[in-house]
Amino acid sequence: VDFNVPLKDGQVKDPTRIQGSIPSIKKILEQNPKGLVLMSHLGRPDGNRVEKHSMKPVVPKLEQLLGTKVKFLNDCVGKDVEEAVKSSRNGEIILLENLRFHAEEEGKSIDAAGNKVKADPKAVKEFRKSLTSLGDLYVNDAFGTAHRAHSSMVGVDHKIRAAGYLLKKELDYFSKALESPNRPFLVVLGGAKVKDKIQLIESMIDKVDEMIIGGGMAFTFLKRIHNMEIGNSLFDEEGYKIVDQLLEKAKAKGVKIHLPVDFLCGDSLEANANTQIHDLISGIPKGWIGLDAGPKTIALNADAVARANTIVWNGPQGRFEVDKFRQGSADLLKRVSARTAAGATSIIGGGDTVNLVQQEKATDKVSHVSTGGGE
């Protein structure tokens, strides 16, 4: 399962991902298994035991949603875990501790000095063997991690493997949207770093008609294209090197790229920041940060949404957590909701964007809110 949920003060802040897997869990329990073992990661402990990333706070929320007790084990592999699982009875539900507390899950760890350390292949093999020993068949309901070559995804060696209901629902939505979209097809990308979204941008250029690039990652594009001063805005040096390549591909494919033309800037990231509007010509002065789309950009984005019949959105347009930098993302969501009501298909993904949708109480106003995205 993908129970990689945000925590606050030791409690689950947003249970969406847990709720997503409840139908699969209930279906399995209806079959009267001897036991059901749930495994997940939470955050990025980088192969080390980091208490703030423990799965333990998930237990009360999971018990509440299922209406039954859940047993928590403080590790995910090893003799004690194997014994506890072996002795389970009467459909007992067991939640394992964070898989990523072990370097063998991701194949690497980060040591105290901040260096990447490759996991020992023999240890990885043992880790996978221990996970495999915990069950007789394997169900993958973790859409958010299904693309990763991690031990829990690819190393659990059971002849019977199945997709859970959540994974199926996600794949059905995405395959329809990506393989036979109603056109025009618009993708909206935001967030901080270009390099994190290179593969996504490249693959979407092959499929879409228009692409909005906003949020922090837009400034790397604008600096490369217009040599624009971006002040203290986010800049991705690695991403900068491949902007030309991405734009050339878009041009060759006839994909229209929309970048911001003006920006709401702040002199800090905080709620009490002073604000100014800047544009492509003025650039952003030193000491100022582009934190949201400006009014002209908001209007241009609205026009692009109004033309679209399929919309996939991953990544906010600004620092929406602060009210004064929320309008670009909130207005875009309003436009996407209206377009959905008029018959368009809309898919929202990525942790931050999903948070925005929930805060704006718009979950029912878009076609599908994906559990994918995030760490």
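Note that Cβ sites are derived from N, Cα and C of the backbone, with glycine treated the same way.
When the candidates Gly191, Gly294, Gly349 are compared with the ADP site entry in Swiss-Prot, which names Gly215, Phe320, the shared residue is Gly191. For the Mg(2+) site that Swiss-Prot gives as Ala192, Asp196, the extra residue drawn from Asp46, Asp331, Asp352, Asp364 is Asp352.
For the (2R)-3-phosphoglycerate site, Swiss-Prot lists Val1, Asp2, Phe3, Asn4, Ser40, His41, Gly43, Arg44, Leu99, Arg100, His147, Arg148; matching the candidates Arg17, Arg128, Arg161 against that entry yields Arg17.
Counting Cβ atoms from all protein chains shown, Gly315 (CDP binding site) has 25 others lying within 10 Å of its own Cβ. Between the C-alpha atoms of Val1 ((2R)-3-phosphoglycerate binding site) and Glu321 (ATP binding site), the distance comes to 28 Å.
Rounded to a whole number, the C-alpha distance linking Arg17 ((2R)-3-phosphoglycerate binding site) with Asp352 (Mg(2+) binding site) is 13 angstrom. Following the DSSP three-state reduction, the secondary structure of Lys197 (ATP binding site) is helix. Put simply, Gly215 is the one of the binding-site residues His41, Arg44, Arg100, Gly215, Phe320 whose Cα lies nearest to the Cα of Gly290 (ATP binding site).
When the binding-site residues Arg44, Lys197, Gly216, Gly315, Asp352, Thr353 are screened for a C-alpha within 10 angstroms of the C-alpha of Gly191 (ADP binding site), the residues that qualify, in sequence order, are Lys197, Gly216, Gly315, Asp352, Thr353.
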